Structures are given as C-alpha cells and as structure tokens.
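J.: So Swiss-Prot lists the following for this protein:
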BINDING   H177, D178, H181, E193  Zn(2+) binding site
COMPBIAS  1-10  compositional bias 'Basic residues'
COMPBIAS  20-38  compositional bias 'Low complexity'
REGION    1-44  region 'Disordered'
TRANSIT   1-18  transit peptide
Amino acid sequence: MFLRRVHPVRLGHASQRSLTTTKSRNESTTTTVEAPQAAPSPPPDAFTEEFLRNQIKVTELQRVILGVGSSLAALVNPRRHDMIACLGETTGVPALDAIRRQMLASDEGRQILADRPRINTRTVDMAALKALPETSFGHQYVHFLEKHDITPDSRAEVRFMDDPELAYVMTRYREVHDLVHTVLGMPTNMLGEVAVKWVEALNTGLPMCYGGAVFGAQRQNYLRHYLPWALRMGRQVRPLMNVYWEKRWEQDMAELRQELNIEELVIN
C-alpha cells in the first residue's frame, strides 16, 4: 500500500485504506477507514455439491472423442445406457441451454430451476403415492414402476459437463423420463422406449433422443402405429421439462393429459 501526506479530510465509508495526515512538522496520525464487506457467496446447493464431487473435467478434444465413441457404442447396442448417458452429456449442451432458456421463460420452469427438486426413493414417498386414488398421476406412476420392476434410483449421475445448472437440467431430464413414460401410457419394451424417445426428441431437441429413436426401432408395427403417434405427440405436447411433476401427484391423470395436450395411443 502506498501512503501519502495530505491535508486533513472528512473520511467516508467508500474506501478501505490507511491515510497519513499531517498534524505538525514532527507528528502524524494514521486513520483506517473500513469499507463494507462484500456479501459472501451463497454456499452451493446440495445438487451442485454432489455434481462437483462426481464431475470429470475433459478437454474439447476428449469431449469429441467421448461423443464419437459413445455414439458408436450406442448404435451397436442401444441398451448401453451408460453410453447413451455419455453421448447426451458430450453432445447435448446447445439443446440443454435451449431447454434452460425455455424453462426460465415459464413460471413453473423457473421454480424448478430455483428449487432443483430430485426424484428418487429418498425424496419421494412412494408409499404415500401408492395410497392416492387409482386415477391420480402419483398412484399410476408407482404402479408403472412396480409393473415394470424399475426404480427411480437407477439414473446415471452427470459427470462430463462444466455448467452445474446445465448439469441439473440433464439430471432433471433423466429423472422425469419414467414420469413421461407414465403420462404417455408407454411401456418399457422396445416399442414403448422408442416412442418415448421420439416424443422427447421433438419436445426437447436433445440429440441422443433422436439417435435412440432412429436406431432403436426394430418392430414392424412401429411404422404403422407408434411412430405416427409419437411424431404427433412430440409436436403438440406442451414442453415437458417445464412441468413441476412433484406438484401434480394428486392430479387426475385424465386431467393432466388434457392439460399437457396428450392423446393416448389406441391400436385397433
């Protein structure tokens, strides 16, 4: 710090430095003025702390290599969920950023980004949902999980991303996937999974959804029934990432589908 001799002045609170003022030829005094402290940064939320613990930082070249390698592996074996997850993280940033902007433009979406809710057996009381009326969204979600013997705890953690908020958007996409299955009325077999992927592809723009939809279809009536329905739903359904699903558990399923503009697939 540099000190300089000046004439006595009235000191404000806008600076924090030591000023030496002249009292006499042989005497001086030093006055310290404290500036207001900057507000401390808020501590990271629980999701950000977890993400930073698991994050694997990669260079742009490594990201390209991971993207190409995971896409080839997913093409060879569409059931390699780890490769599909890696593909989404390494290629999905532009789409995730668009989803974030879309969420910020919606009251419900902004609330999701602020709260950062999680969907797993530690955060959702499955027994309470099961006790809801049979026509409720929450009850039918638990029925879907039990019928297909799956758990919301099986979703892969996001590792290869830089932005914690975009990492949350990706996590949210993964954790609501089974909720989308439920509200669309789609099973977890190949046809159901492919149909849901098409809806998600058109609804979110995530590139790995297009990949799963294109390369996963292996059954004949896919082109006849499932694909036309999925394409129509993908275009007409309201943005699914803007739905605060946890506040809809008690809502009647038929009412929720009508609100989201979802039509069930009917095969005669």
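The backbone N, Cα and C atoms fix where each Cβ goes, and this holds for glycine too.
Predicted, not measured: the structure shown is a model, and the values here were computed from it.
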J.: What count of other C-beta atoms do you get within 10 angstroms of the C-beta of H181 (Zn(2+) binding site), across all chains shown?
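T.: A 10 Å sphere around the Cβ of H181 (Zn(2+) binding site) contains 22 other Cβ atoms.
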J.: Near H177 (Zn(2+) binding site), which residues of its own chain have a C-beta under 8 A away, given they sit six or more steps off in sequence?
T.: R155, V196, E200
J.: Under 8 Å between C-beta atoms and at least six apart in sequence, can you list the same-chain neighbours of D178 (Zn(2+) binding site), or say none if there are none?
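T.: Correct list: Y141, F144, L145, I150, P152.
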J.: Is it possible to get the count of other C-beta atoms within 10 angstroms of the C-beta of E193 (Zn(2+) binding site)?
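T.: Its Cβ shell of radius 10 Å holds 20 other Cβ atoms.
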